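Presented below is the structure to which this report refers.
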Amino acid sequence: SVEPRQPFGRLDAPATAPTARAPGSNGIRRRADSPVRGCGFPSLISPPRKGPVAEEDEEDDDEDDEGHEDWREAYGSHLQLEVEPSTRDPRDEGTADAWIERNPSLIRLTGKHPLNCEPPLARLMHHGFITPAPLHYVRNHGAVPRGDWATWTVEVTGLVRRPARLTMDELANGFPAAEVPATLVCAGNRRKEQNMVQQTVGFNWGAAGVSTSVWRGARLRDVLLRCGVMSKKGQALNVCFEGAEDLPGGGGSKYGTSMSREWAMDPSRDIILPYAQNGEPLLPDHGYPVRVLIPGCIGGRMVKWVRRIVVTTAESDNYYHFKDNRVLPSHVDAELANAEAWWYRPEYIINELNTNSVITTPGHDEILPINAFTTQRAYTIKGYAYSGGGKKITRVEVTLDGGESWMLCTLDIPEKPNKYGRYWCWCFWSVEIEVLDLLGAKEVAVRAWDQTHNTQPEKLIWNLMGMMNNCWFKIKVNVCRPHKGEIGLVFEHPTQPGNQTGGWMARQKHLETAEAAAPGLKRSTSTPFMNTAGDKQFTMSEVRKHGSKESAWIVVHGHVYDCTAFLKDHPGGADSILINAGSDCTEEFDAIHSDKAKALLDTYRIGELITTGTGYNSDNSVHGGSSLSHLAPIREATKVAGAPIALSSPREKVPCRLVDKKELSHDVRLFRFALPSSDQVLGLPVGKHIFVCATIDGKLCMRAYTPTSMVDEIGQFELLVKVYFRDEHPKFPNGGLMTQYLESLQVGSSSIDVKGPLGHVEYTGRGNFVINGKQRRARRLAMICGSSGITPMYQVIQAVLRDQPEDETEMHLVYANRSEDDILLRDELDRWATEYPDRLKVWYVIDQVKRPEDGWKFSVGFVTEDILRAHVPEGGDDTLALACGPPPMIKFAISPNLEKMKYDMANSFISF
């Protein structure tokens, strides 16, 4: 509940003076006049000292501690005395954090390690205003450093006149101690709601990524003054912080960030270096022995285990300062953010919290019986609210009708402002609603207002990092029948944290189309349905038993996934999964999948892989550990007919040497590769593709290609490749990784590896296809492609025309490119269209005509409905559409227009 608790007896000041610390203690002396006196935890350090801090370099009239007199007695009646236990958690066994005691009720959001967690929402609210430290949410990027009070130092350097290396005793006893109540909030609080709309790059925070404590430490301002911080005129413009943990970001770094000097020196902001939380030394997860506290800001600015404070001219150049805690525009995805350097634009950095509120009562799945007793009384809805920058929450409203009308809530604000009028803590709200009114409601929503009249938006605003989500918090109200003869109202929160199931957004996601679920917002197919795998563990031998289409398991980064249900839906066809079923394919999965695809994988996680010893690694499992007897045979790939087949095992990489390279244009190359044996054929069925594999800059890179050579060519195969060079396209300044690598290969001395066959489509001849394992016949083919997407079409065209006159399939090709110079295989296509006018018709579409004097007679612009109606047949039972091109072309130019032409997009449309 969020109601104030019964007052408890005060913990009166001891009669004797504080004693010096005993050897081996943490160095914190006790004090009696703590502002949280009576709150149920021990009092703290000796009273704040008055007077100057040291030789001061600027006026400091506001240094005294009088501002806290207003709230010293305020919190005792709001603290629950129940102890939240901490113990060694079995989930930490085998990790670098196995030495840390933690509260077992914390909900883990990122697996076993590192710890990222939030408390159960009901348990958090049960404790009211002050959150017990063991229950406080945790955001860790890596293993927790082992801090030692006696040896820990904080270096203060940079643009200061007196650089110093301060010990913990000096911080605790050499500066006036400030005690600040502050609510900490992760910028990702409520992120799972965003992940239900479109997967962000972040994990699933629920609505309990928020906690409140009373923090004690030295004021940052005092420390900087002691060290002689230079003025703005001396170019001292920023204060940078660096922690102690070793993290992988940026190739290896500490966690670091910065704030402006103006903020750091502002006494009204109460910025401190805390070494105590709720009257006790910091817990390891919260930064022991010392951290940074910036009230009113996101938690990501408050560096834990702080080691260095550097006064600089420029803001921090730390990897995590730029690649974390940003709100980028909704159209920016991970690829665009990296390609166009959105991370470094200062306008998108997050500092202060925004206004937010959450309904905590009723809880998720709580049932309110509807009977003669309950309908005669009101039901109390409760929750919390907060804002940033020291702004007070002044209003909270609840609506039962989607915002048509609002009810004003009663506010419970235990906090008193500091002497500058700033509020750093959450508040609680409640409103009584007649049960009969709830019975007629579909949902309940809440919004809060702060003193600047900022409020929350109605609709969710998606962003790549999933941060600062503060749309109206809505719970659904549904009628249920919990017992015979009785009805009730069941309340449904939008999500449940981490991988927990439940929530109306997750349910809605299964029921609605992407457009209905997120109007006006591009929805990604990578959005994961939350898995419920828990911590079930499997050995590699168990995984190897699941290598068939009946049961296809894979291992990626130590997680085990059952992809059987996804075989029919995989964009690359079932073969793309079956080729690695029953094995660890971490390296290959990372080599070919985007971040969105990696997020989708979470849907199918069933547990964790048990590793035994240090000899296990993914390479061994991928290439040597699995038996093909568990792999469903891929059609034609394992059949030996006439010449031996190079692609005899879809799991094995086949080394192929480059024997010829032709430069067809400034960016188009025809590569010819020799098979391992001169009497082999590649063994690739028409419609399938191969993976080209290469190690580039120490990492495996894999890309799909369709050979343009005849399927029965002996001893070699050819790849037609458009090379995407560096610095040619502003959105992709680095160019194509694989195509530039292929361009660098030397004839005669360079090799690549290939794997296959892969793909969900196979043309078996004379109008017959096998699509996702099912037979399909077509008399007419509508082929629409762009750029290098011509290669799978070319393969089918080649097969049809080689089987003349028996194969009577009609092919209608619409081929789009940027200019006439970019059309691949044009000579062959034009020749075939002339030689076989009843079988093949070709129409070109280009963005721009480079040589109008040549008399371009085809279309200019985009692929439109009019072009398709004029040059491909209308949909029907005997017509099949084949498409291959950039995703926007498929989504906006091809699919909607074919649908208008009566194509059955579920059964008569294939995208390679």
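We count from 1, first residue shown onward.
Backbone N, Cα and C atoms are what each Cβ position is placed from, and that goes for glycine too.
The following features are taken from Swiss-Prot:
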type     : residues : note
REGION   : 1-99     : region 'Disordered'
COMPBIAS : 13-23    : compositional bias 'Low complexity'
COMPBIAS : 54-68    : compositional bias 'Acidic residues'
COMPBIAS : 85-94    : compositional bias 'Basic and acidic residues'
BINDING  : Cys186   : Mo-molybdopterin binding site
DOMAIN   : 535-610  : domain 'Cytochrome b5 heme-binding'
| said: Counting by DSSP secondary structure, give me helix, strand and coil numbers for the compositional bias 'Basic and acidic residues' (85-94). | reply: 3 helix, 2 strand, 5 coil
| query | Excluding the flanking five residues on each side, which residues at least 6 beyond the ends of the compositional bias 'Basic and acidic residues' (85-94) place their CB within less than 8 Å of a CB in that stretch? | reply | 100-104, 108, 112-113, 115, 134, 283, 535
| query | Per-residue pLDDT averaged over the domain 'Cytochrome b5 heme-binding' (535-610) comes to what? | reply | 75
| remark: In three-state DSSP terms, the residue listed as 'Mo-molybdopterin binding site' is classed as coil
